[in-house]
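TrEMBL annotations:
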type	residues	note
BINDING	Cys94, His136, His140	Fe cation binding site
ACT_SITE	Glu137	active site
Amino acid sequence: MILPIYLYGDPIFKKPAKKVEKIDDKFIETLKDMFETMEVADGIGLASTQVGIPYSFAVIDLSVYEEYKDFKKMVIINPEIIYSSGEEVMEEGCLSIPGIRAEIIRPDKIVLRYQDIDFKVNEIECEGLLARVVQHEVDHLYGKFFIDYLSPVRLKTLKPRLAKIKKGEVKTHYPIVVPGTKRIINPEPESDKDV
């Protein structure tokens, strides 16, 4: 099932996500829905809070990129970044902030501690794109967005577009939730006719 994506400005992002205490069939079904949603929305990472779930987990799939074609889909539960080093500038976008992209500086190497779907604790080193996506998704679980790393001047230039996003005045090819409401806006079906 395709889940609607909550947009920037929604109250779901105001509080840190709660720790996941157990994994059950409903949780596994939610993970499947999140992977499906992420694929339809052309994303490579999706945090639980982005689909209105206030618990700490995210899904990642980098296999759409040739250099990551063998990447195994990843579920990170109760993730925490316990070490970071280096610095890299990379362009980021976000399904919760459609239409806005920006160059963001982040650490290029991290150590991630998380639980997998067997609830086993893992620690892995991540670098490059994986480190970037993990940091981006973990930020969502604490109510942070990539635009929070922008300079005040750059952020000011985005204010009008962010105001429209907060009102749900944005077109996407995936369903969205208007911030502060439960109103879902579905994408308009694509027409087969030439105009």
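For all residues, glycine too, the Cβ spot is worked out from N, Cα and C.
Residues Gly45, Ala47, Gln50, Glu92, Leu95, Ser96, Glu137, Asp139, Phe145, Phe146 surround the recorded Fe cation site, their Cβ atoms falling within 8 Å of the Cβ centroid of Cys94, His136, His140, which are themselves excluded.
A C-beta separation below 8 Å, combined with a sequence spacing of at least six in one chain, links Cys94 (Fe cation binding site) to Tyr8, Ile100, His136, Phe145, Phe146.
According to its DSSP assignment, His140 (Fe cation binding site) is helical. Note: Glu137 (active site) has non-local neighbours Gly45, Leu46, Ala47, Ala58, Ile60, Ile76, Pro79, i.e. same-chain residues 6+ apart with C-beta under 8 A of its own C-beta.
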